[in-house]
């Protein structure tokens, strides 16, 4: 992993839900950094989202504090008060203003932060800070994740970008149910960071869906320590977006109970918006997702999902391809079923849907739907 200059990481087990599980993580910027964030569009916004939307406007950011186990969402005024008390306590120890700390939480909705367990662990959290503790931080932010999600790049100029994320369920449009933290040591303005993050999110986290549910806590923070000059902006921007795309792919791959990643591509629509609407209808259809899990070539479910959008098209003009192999044309099978079925056994499958209405297209990542997804979510609180 390429670790951007000027950052340290820490994690401790505070017993929010389980006694010995890492559940409190800290990223500390040793100098005056700048930040921006992108958040959930859910009407029900968690306390850390409400506070974070204000804190990113501060000219200086020095830290990101994350807890897992309790989302601190749907907790009312008390939830805000507890989040502010936690940030206030940390800021005093670090000799910062609390507005210089960005909060994030993930876990069960409707429960208050157990400050009586968290606050006593703050000194240890700070004492553990080290540039090498990024993996411990990644573990501390996990909930139903089965593996920590990290990605990094280093440009030819020596500028590093590190991304750390969590997410496996409640993944839907306008960011998956997820947390992501993107760090860089490049020197850039707040406005440049804002544009970079918004563009990167649109090309990554906004193009994944696991179960169609939108979280109350979705947060992506970008934080720059501003140590190294950026000469080749195109290369830096590309590397930045690649890190986000890596993390987005990992989240879909780790979709709760998922056994395969499915890329849905819609081509030949009049507008990009229509292509996206059709792609999401297919990617979020439980019937389509279960068919892929069962290696069932039930193409009628795909046509049904397309049709429920209400967009006008002629079914006879729709073509389907599976990993590039012709599947359906003029409502007729175009390949041997056994040949096509072998493609469904693979861990990565591309479903391409071609219309004949225009030149616009859109792609989306999703996963199949399995019995394991139900098991995980039926007993999430326990």
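Cβ atoms here come from the backbone N, Cα and C positions, even for glycine.
Some features that TrEMBL has for this protein:
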| type | residues | note |
| --- | --- | --- |
| ACT_SITE | 177 | active site, nucleophile |
| BINDING | 143, 166, 177, 256, 377, 382 | substrate binding site |
What's the number of neighbouring CB atoms sitting within 10 A of the CB on residue 166 (substrate binding site)? 28
Row residue 377 (substrate binding site), column other C-beta within 10 angstroms, all chains, value 15
State the three-class DSSP label for residue 143 (substrate binding site), counting H, G and I as helix, E and B as strand, and everything else as coil. coil
